[in-house]
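> Below is a structure I'd like to ask you about.
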Amino acid sequence: MTIKNVLKLAALLGVLALVQAEEQTYRMCVPQKYYEDCLNLLKDPSEAGIRMECVAGRDRIDCLDKINQRKADVLASEPEDMYVAYHTKNSDYKVISEIRTQEDKDAAFRYEGIILVKKNSNIHSLKELRGAKSCHTGFGRNVGFKIPVTKLKNAHILKVSMDPELTATERELKALSEFFSESCLVGTYSPYPETDRLLKKKYPNLCALCEKPEQCNYPDKFSGYDGAIRCLDKGKGEVAFTKVQFIKKYFGMVPGVTAEGDPSEFEYLCEDGSRRPLNGPACSWAQRPWTGYISNVDAVSGDEKLHNLQHRLEKFFENGLHAENKEAASHLLINPNAVYHSKPQAVDPKEYLEKAGYKDVIERDGSAIRKMKMCVQTDVEMQKCDTMRRAAYSREIRPEIECVQEKDCILAVKDNKADMVAVPAQNYKEARDGKLKPIVYESYGPNNVYVAVVDSALTKENLQSMPIHYNGQDHRAEKAAAYLNKLRGINTCQTTPSSEKNIMIVNAQQLEQYKNKQLLCSSLDKKPVTEWQSCNLEANLPVGVFIRETMTPVEQETMKHLFVSLSDKFGSKGKLPDVFTLFGQYKDNVHNVLFADDAVEFVTELKNPNTNEQTYNGLKCDTNTIKKN
């Protein structure tokens, strides 16, 4: 073969490789709950010819695992998801592009946290912030709380007590209260109203600069990004913690915005103690990176592969902006104000986060006492616990969870080898005998209770002895039937499903089809089907999280807060159920791992009068317990 022919062949192979790359179908992983949205978006006429396909993951954590296992190519992810990717063993993730906003499409970061002081201020270093009057966006928020606490702690300027008698939250509040003379730090310090009230009463100087110190919550004209600046400009503050974009808006440094203050009277305070004018580049001490797309090395190795995937994503993204189904697009992080931005090179998640100084913010310990050990028994429980641990830590839920696997978890908690265990109804008594106590329970939602449906014509005498129709495979329905039998003086151990449908045990969620019937209450009186809340026979105990009775009050409060936080973030009603599926099916063909699939949240007390340990124990006819592996 001549050199000329070799060159022709090489050129032809190059063209074929390019065509093959162009024709490759890329697999975008999306959480299961948004899978239909992804399919609908790809059906949109605007997406015609875009070679993308949707792959369903249980949640974002599962999608990351699928990318690592080469079962998917790309995922739209937030910085916290990138943190999970960075800490995944044997992984080679790459951040390849960003989702920016129209207003800040040229900005390297989504936002920059800064320190703002008055030009005539005597504060010229981080140390000199001690004793100052501080203005914050709000409790628990990034630039106004987490970043200042993290940075000042890391600089060994803010001293946080490790007093075991204080909760992690109170330790930080106490530290800020002692560091600043007065502040405006609005927000909910605790999910429990009484605890929130007591904390604000104990540290009143944290609310002293607010518009309404006695309320110390939203709305307040000195809260939020612009409110923190206003607290410094119009209030009594001496330093504000906010972000650059709102500095520009507040001082009228963006077109079409009326200034609220004079920018020449204020300066940025830098970490090294220097100052910068507001009309120049800011010196931020931490930034939040952009949301973006994450892939793996195989999909983006070499410029050609990288650019091809980026080009395909850009077309998908641009078309998504013009899609008819805007809601479906938004679930895939394609919002009307968004702009797609390709990275010049694929970047490791660790490098991406460290460049912004955001890794430290995620890793802030929250002044937690220690890691809390959750005991599990089976391999699949261990897998779910570890997934929960990864998701929780990345979303700054503290204390950190550590998963341990034991044959007998109740004994492990009793013997101090673990701190907590999820206990099903049939093992409450064993847990109580082991000196354990519940701190939270799973809840199935307000109308997910079992009721007895009857004909309105049936007399009380009829109802006293008629057999009960129910699903014998449904443990909750079985307990409701047993409870009704006990109320009627019938031996609960002889409860079996009947084919007769005079009395039917059904879930209140199905009552629409029984609206011509009535409910039979625990008093054996009848009520309309609309009265299911007070007239139900729910007697099964939900899964409870048990801890040692001997744990200190602070430890107990910390554990309770941990699970309430998990529920608030990842429960069915939570803010981020697509990040981690706390409740719901964890794996194909595997149900009720640690918690029930149909649970929706954790609650701290059982409010249904029928649902209590005494009633449940009175219905027992067997010795079913957790099997010891």
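Residue numbering: from 1, along the chain as shown.
Including glycine, each Cβ sits where the backbone N, Cα and C put it.
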> According to Swiss-Prot, Tyr225, Asp408, His561 bind Fe(3+); identify which of Tyr93, Tyr111, Tyr340, Tyr483 is listed for that same site.
Tyr111
> In Swiss-Prot's disulfide listing, Cys283 is paired with one of Cys231, Cys270. Which one?
Cys270
> So, in Swiss-Prot, which cysteine from Cys135, Cys184 is disulfide-paired with Cys210?
Cys184
> Among Cys403, Cys409, Cys493, which cysteine does Swiss-Prot link to Cys375 through a disulfide?
Cys409
> In Swiss-Prot, Cys54 is listed as disulfide-bonded to which of the following: Cys29, Cys38?
Cys38
> Applying a 10 Å Cβ distance cut-off over all chains shown, what neighbour count does Asp408 (Fe(3+) binding site) have?
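A count of 18.
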> With every protein chain in view, how many other Cβ atoms are within 10 Å of the Cβ of Cys135 (disulfide bond)?
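I count 31 other Cβ atoms within 10 Å of it.
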> Restricting to the chain of Cys184 (disulfide bond) and a gap of 6 or more, list residues whose Cβ falls under 8 Å of its Cβ, or answer none.
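The list for Cys184 (disulfide bond) reads Ser134, Cys135, His136, Cys207, Ala208, Leu209, Cys210, Asp220, Phe222, Ser223, Gly227, Ala228, Cys231, Gly235, Gly237, given in order along the sequence.
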> Any idea which of the disulfide-bonded residues Cys29, Cys231, Cys385, Cys409 has the thinnest Cβ neighbourhood at 10 Å?
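Candidates: the disulfide-bonded residues Cys29, Cys231, Cys385, Cys409. Fewest Cβ atoms within 10 Å: Cys385.
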> In DSSP terms, helix, strand or coil for Cys216 (disulfide bond)?
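In three-state terms, Cys216 (disulfide bond) counts as coil.
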> At the Cα level, what's the spacing in Å between Cys403 (disulfide bond) and Arg141 (hydrogencarbonate binding site), rounded?
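Rounded to the nearest whole number, the Cα-Cα distance is 28 Å.
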